[in-house]
């Protein structure tokens, strides 16, 4: 399944299928590594005597790093190819995940080390989704992007599901260290298989002229950013992206602790698995439905907004219900509905970036996701502060709903799907 260097830019159907599966697995392992710390929250806090404010610092430090490499990762991917950036970053975060337990037991400054480790993990994973957006905008036909992106996006649920199920068992049987080893080693295996079976030696080589040029953008490839950022649809998708990303990060970081504290007798594998299991078919369905409706003649922007109403609006209603219930079964249903419906964002704003500016989708997605990571830092830390000071989880879910509402309203008012980068002269190497 290796490509010839002179092949056409779009993947053939067989290539697209194989790459979709491999990218789904890559996204799965991205989230396995990302969620190791939230899954091990109580065990880490007990071992190192952290309170919720201190653990909130550890969780939020990921997003400080995450926001710093989004734009750079998108820019590099647009020029040398997203697959190269994906594999480099995955190799690095795989090694870091494996080494974290070993190094943690060597140092005595556990809080500082784990905070630094999470910051570095954020730096390494920050390039992933901008690189993915760049790769898919260059290799996947427009009529197939929503389903492809939604399918690859289910990796986030598969990853959380895998680490939630297997990780919870490993945590109970062998301790929190085993969760890190499991995630890191699987990532390194994925990198090896992708390099060996999908890419040729030429495709793995980074152009020398790019290395000598560095990160500068030559005159002939510059994007007219002033013109782009004067357009309301660009700001609409950025604000919507930062809102949905930050609320997703908040739920991802704090849901395990919510269930463990609110329902102490519940089994970790239930609440760490069921919501993400539900999210897989909903993500696939949203992509299929979006592409089908567009093929039936509905306006692209109408479908993008419809998907976003479900992904941000309806999911927030279930998040609010989650904070009001005292029943474990109802809490699982509400959490599953909220997390599952959030996947409709994959067919809304996530592909709207590629609608607006396919020539620089990676860099623009990086700009949007940087905002999401910055707001994610604030929301994750603020959630921990609200829990510690009020003792109530209702305030956390109110925060999620409020932030989602701002992004949704902005996108409904100003969102468009007409290409706005046609004046740019941004070209591939």
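Note: Cβ is positioned from N, Cα and C throughout, glycine not excepted.
Noted in TrEMBL for the protein shown:
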- 19-419: domain 'Major facilitator superfamily (MFS) profile' (DOMAIN)
- 21-44: transmembrane segment (TRANSMEM)
- 56-73: transmembrane segment (TRANSMEM)
- 85-113: transmembrane segment (TRANSMEM)
- 149-174: transmembrane segment (TRANSMEM)
- 180-199: transmembrane segment (TRANSMEM)
- 232-254: transmembrane segment (TRANSMEM)
- 274-294: transmembrane segment (TRANSMEM)
- 306-325: transmembrane segment (TRANSMEM)
- 363-387: transmembrane segment (TRANSMEM)
- 393-414: transmembrane segment (TRANSMEM)
Residues of the same chain, at least six outside the transmembrane segment (363-387), with any C-beta under 8 angstroms of its C-beta?
-> 52-53, 55-57, 59-60, 63-64, 66-68, 70-75, 78, 122, 126, 129-130, 133-134, 223, 228, 234, 237-239, 241-247, 249-250, 253-254, 349, 353, 356-357, 393, 395-396, 399-400, 403
Taking the transmembrane segment (180-199) as reference, which of 56-73, 85-113, 232-254, 306-325, 393-414 has the most Cβ pairs under 8 angstroms?
-> 85-113
The transmembrane segment (232-254) versus listed stretches 85-113, 149-174, 306-325, 393-414: most Cβ pairs under 8 Å | 393-414
Mind checking which residues reach the transmembrane segment (85-113)? Cβ under 8 Å, same chain, six or more beyond either end.
-> 23, 26, 29-30, 33, 36, 47-48, 50, 54, 57-58, 73, 76-77, 120-121, 124-125, 127-128, 131-132, 135, 176-177, 180-181, 183-185, 187-188, 190-191, 194-195, 199, 204
Kindly state the mean pLDDT of the domain 'Major facilitator superfamily (MFS) profile' (19-419) in the predicted structure.
-> 84
Surrounding residues of the transmembrane segment (306-325) on its own chain - C-beta under 8 Å, 6+ positions past either end | 240, 243-244, 247, 251, 258, 286, 290, 331, 334-335, 337-349, 393-394, 396-398, 400-401, 404-405, 407-408, 411-412, 415
